[in-house]
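Undergrad: Okay, handing you the structure first.
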Amino acid sequence: MSPPPPPPIWRQLSFSLLLGSFCIALESAAQGNSATDALNILLIIVDDLRPSLGCYGDKLVRSPNIDQLASHSVLFQNAFAQQAVCAPSRVSFLTGRRPDTTRLYDFNSYWRVHSGNFSTIPQYFKENGYVTMSVGKVFHPGISSNHSDDYPYSWSFPPYHPSSEKYENTKTCKGQDGKLHANLLCPVDVADVPEGTLPDKQSTEEAIRLLEKMKTSASPFFLAVGYHKPHIPFRYPKEFQKLYPLENITLAPDPHVPDSLPPVAYNPWMDIREREDVQALNISVPYGPIPEDFQRKIRQSYFASVSYLDTQVGHVLSALDDLRLAHNTIIAFTSDHGWALGEHGEWAKYSNFDVATRVPLMLYVPGRTAPLPAAGQKLFPYRDPFDPASDWMDAGRHTEDLVELVSLFPTLAGLAGLPVPPRCPIPSFHVELCREGQNLQKHLQLHDLEEEPDLFGNPRELIAYSQYPRPADFPQWNSDKPSLNDIKVMGYSIRTVDYRYTVWVGFDPSEFLANFSDIHAGELYFVDSDPLQDHNVYNDSQHGGLLHSLRP
């Protein structure tokens, strides 16, 4: 028996937006290269990284190596994940399908079994002659990737996981009492932790080893490197804390729960509450708040984790340069979703707000996004975040256009010279190779307008979609990560250059169906007048015309 069709939300909402001149239809095809001039791919995926980076205008965070990459890339200022939680987001952008197609909203199913035998980005490159390799956290481990990181479909070799991963959530954090705890805040002396190393350090070492191996390979490579930090716990070398004195750390600009926020939209950050140092604060559920001094410490450790991550990225990029691979390797850098640092009185991800769904995204294409270096010069020399001289960086190319992570699949294929997978039909459960995202090559302006006019469109017509499930209309213990069978409400969200519109509707998990006549709550925020999304005007009568045009 064929599976039931997916919820019609995106088809219906897109149709409504088309009538209002908000929707764009883009198709593209790419000419294939011969094997001799094929470009390699380095895909760097970070866990829980919001765009708190120097290259995104953050004046506090020290990220000189990522900033350097951005200076040679096209940087997307407005890139959004399709669901702000690890496994669903990664499966979505690695297959090029939205969560309503993968049917993964939690961590407990494998898309090839429960939805469709969908091809992945690395699988497509593997089938086109690439050696595909995975280091660290690329797919989310466990059931959602078949306890194998989708090997052997996606990878030429079994994926590498650092041996020290198993200590991430154990009692390795030294408290003020001198004992070891499983804390949220966990700056460590690396020499004192089990194995004397950390997972991201091991991933960097393995990535460099593989690059050295591929230097002499006759085949092009696709290397995906997944970093853990700044995912909690904030377990990082303690010296990075010195970059962020507490007296320089401010609270979020909007640290309180907005009065107009529907309860269903709030995430009660239960994973943070489980940590021993947070438990000791005896914070009320669901809204808190966390004491202000501890809020500053959380933000300090998040930023310190980002700078630690930056050094690891810097070592990999420097090695790529030293091996003379930077001239023929496309680099894509992104995150699976963002992370709230106290905005709206929320922490972690698990929502449809920009702070949870907006991600960094940059694409480096050798000789096209930036000139190739002269002989003897390096594109990516390692930059020390502790060196003030590392702060200065040339500005790269930026685009303000709204884009989605689900567009990575067609974009990387096109940039590498492979045929761009066709757009998915509706439904597409029976189609192994297709994509629901756009080809972002148009934003890189690497094409001749006369040859491929359909690659270009009005930036104001672009839209980013995201969604998040809830088990109830009010925050409860499993609101952040409900299992499929517990989902009762789905929040579907549209982000345009002008507004974010979210509608929370009834959802039947047994049929994977949303009921758009059963509206539980709504949100409407105007970007220009309310960039932090604190003033929900969904119930204001003056916006009734806009809401009527948006409702399916």
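For all residues, glycine too, the Cβ spot is worked out from N, Cα and C.
Just so it is clear, the model here is predicted, and its values are computed rather than measured.
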Undergrad: Starting from the Ca(2+) binding annotation in Swiss-Prot that includes D47, D48, D336, H337, which of C86, C424 is the extra site residue?
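TA: Candidate in the recorded Ca(2+) site: C86.
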Undergrad: With reference to Swiss-Prot, which of the candidate residues C55, C173 participates in the disulphide bond with C186?
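TA: As annotated by Swiss-Prot, the paired cysteine is C173.
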Undergrad: What is the separation, in Å, between the Cα atoms of N248 (N-linked glycosylation site) and D48 (Ca(2+) binding site)?
TA: 23
Undergrad: Within the chain of N117 (N-linked glycosylation site), which residues six or more apart in sequence place their C-beta under 8 angstroms from its C-beta?
TA: E432
Undergrad: If the Ca(2+) site is taken as the center of the Cβ atoms of D47, D48, C86, D336, H337, which further residues of that chain fall within 8 Å of it by their Cβ?
TA: V46, L49, A84, V85, S89, R90, H231, S335, W339, K349
Undergrad: N146, N248, N282, N515, N539: which of these glycosylation sites has the sparsest Cβ neighbourhood within 10 Å?
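TA: N282, out of the glycosylation sites N146, N248, N282, N515, N539, has the fewest neighbouring Cβ atoms within 10 Å.
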Undergrad: Under a three-state reading of DSSP, tell me whether C86 (Ca(2+) binding site) is helix, strand or coil.
TA: helix
Undergrad: For D47 (Ca(2+) binding site) and H140 (active site), what Cα-Cα distance in Å is obtained after rounding to a whole number?
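TA: Per the Cα atoms, D47 (Ca(2+) binding site) and H140 (active site) stand 10 Å apart.
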Undergrad: Measuring Cα to Cα, tell me the gap between N282 (N-linked glycosylation site) and D48 (Ca(2+) binding site) in whole angstrom.
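TA: That comes out at 25 Å between the alpha carbons.
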